[in-house]
């Protein structure tokens with residue numbers, strides 16, 4: 001029931017709520033959706049403590065899906081209240097806060113269980129308390145007077161909504177140093193408090209919204225017309241889909257390998273270690289100098305194969321320590337590759353376009369994950385066991401590796417042929 005009837009509800013809820021929440025976030029100007037996120041997580045953890053029965057837990061998963069879908073409001077809120085020149089700094093702050101919170105939660109939870117002998121119920125009480133404090137804190141956030149689409153529209157500010165992808169996927173993207181503050185984004189003190197010019201402003205916004213939506217569509221077609229952009233974006237969407245599935249069901253796999261009621265488990269420590277080592281890999285890869293245009297697809301193929309091998313070992317070697325080690329390797333490689341993909345996409349796009357591309361890529365990944373969940377996991381589909389699921393995930397990454405290996409070899413052959421033709425012509 002947990003694997004085949006409960007967990008899939010989160011995936012479906014996340015996908016169904018993502019786009020409506022995106023629009024509501026902009027229309028309501030972030031803060032109300034930040035509060036909605038806190039309330040959703042409070043309901044989730046309260047039900048986690050006291051709810052019983054399949055229907056109740058499925059309802060819990062719906063609220064958790066709402067909580068994760070509204071993440072975009074938290075990550076994008078800061079961009080509506082700071083100058084565009086501070087985007088890089090505040091992105092680092094948001095990402096650091098998420099990393100620190102995740103690590104502290106994992107380590108403290110592990111220590112409280114292994115050393116102090118606390119129950120999981122007690123840990124969830126701490127989580128509920130922490131979320132309640134965050135919810136109370138959110139009430140004191142200043143209310144933004146501007147947003148992307150509905151309030152003080154500016155196409156140059158597109159990145160504020162979708163920068164959540166930079167923070168959540170282990171990506172480090174730097175804004176172009178020459179980017180200046182977008183026009184029309186006045187200081188809060190300059191926003192008129194009376195209704196003068198409201199009708200004209202509203203009418204202008206309607207026209208601008210249509211124009212920006214057309215510009216977004218044109219930009220999207222132009223971005224994906226590049227073979228390099230399309231290649232990295234396809235890998236992004238495919239691999240992120242598999243990554244979400246593995247991390248969502250990894251602890252379920254560990255529970256089957258070594259039941260928590262029969263031995264000490266170290267899931268929290270493993271999550272913390274994989275997060276920290278993945279962050280280190282992100283920093284290291286930022287200093288690697290290589291011709292990704294030439295060897296990028298082959299590198300994606302090689303590392304995707306290593307990911308497939310890690311998932312395969314995690315599934316077939318029924319030893320908890322081997323599972324832990326394979327999981328750490330899996331997350332390190334993925335975070336490293338997603339960072340390289342981020343660099344490659346961002347260096348070929350303006351600040352507003354890379355936000356759009358990242359958002360579309362992640363939405364496609366979530367749609368693919370929903371399809372995979374419906375077919376493989378859901379009880380109304382195949383409803384496969386956890387070990388069979390992970391064998392399919394390993395095969396999925398192996399197929400990605402094969403596709404990019406063939407594509408990479410073809411690209412290298414074409415590049416050498418062009419070089420020979422240029423040399424013979426000269």
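Yeah, the Cβs are placed from backbone N, Cα and C, and that goes for glycine too.
All TrEMBL annotations are machine predictions without curation.
Marked as transmembrane segment by TrEMBL: 6-28 (among others). Distant neighbours of the transmembrane segment (6-28): 54, 57-58, 61-62, 64-66, 68-70, 72-73, 76, 147-151, 161, 248-249, 252, 363, 366-367, 369-370, 373-374, 377-378; these residues of the same chain sit at least 6 beyond its ends, with a Cβ under 8 Å from one of its Cβ atoms.
If you look up TrEMBL, you'll see 35-57 (among others) marked as transmembrane segment. Sequence-distant contacts of the transmembrane segment (35-57), counting only residues of its own chain at least 6 positions beyond either end whose CB sits under 8 Å from a CB of the stretch, comprise 1, 5-6, 63-64, 66-67, 70-71, 73-74, 121, 124-125, 127-128, 131-132, 134-135, 138-139.
Marked as transmembrane segment by TrEMBL: 63-87 (among others).
Annotation comment: TrEMBL describes 99-119 (among others) as transmembrane segment. Using a Cβ-Cβ cut-off under 8 Å and counting only residues 6 or more beyond its ends in the same chain, the transmembrane segment (99-119) has close neighbours at 127, 264, 266-269, 271-272, 275-276, 279.
Counting only same-chain residues 6+ beyond the ends of the transmembrane segment (125-142), those with a CB under 8 A from a CB of the stretch are 31, 34-35, 38-39, 41-42, 45-46, 49, 77, 81, 105. Among the features that TrEMBL reports, transmembrane segment is placed at 125-142 (among others).
Within the same chain, residues 169, 293, 296-297, 300, 304, 307, 334, 337-338, 341, 344-345, 348-349, 357-358, 360-362, 364-366, 368-369, 372-373, 389, 393, 396-397, 400, 404, 407 sit at least 6 positions outside the transmembrane segment (228-245) and bring their C-beta atoms closer than 8 Å to a C-beta of that stretch. Taken from TrEMBL, the feature transmembrane segment applies to 228-245 (among others).
Residues or ranges marked as transmembrane segment in TrEMBL: 265-285 (among others).
Annotation source TrEMBL lists transmembrane segment at 292-313 (among others).
The transmembrane segment annotation in TrEMBL covers 319-343 (among others).
Look at TrEMBL and you will find 355-376 (among others) tagged as transmembrane segment.
Feature annotation from TrEMBL assigns transmembrane segment to 396-416 (among others).
Within its own chain, the transmembrane segment (396-416) is flanked in space by residues 231, 235, 238-239, 242, 294-302, 304-305, 307-308, 311, 372, which lie at least six positions past its ends and keep a Cβ under 8 Å from the stretch.
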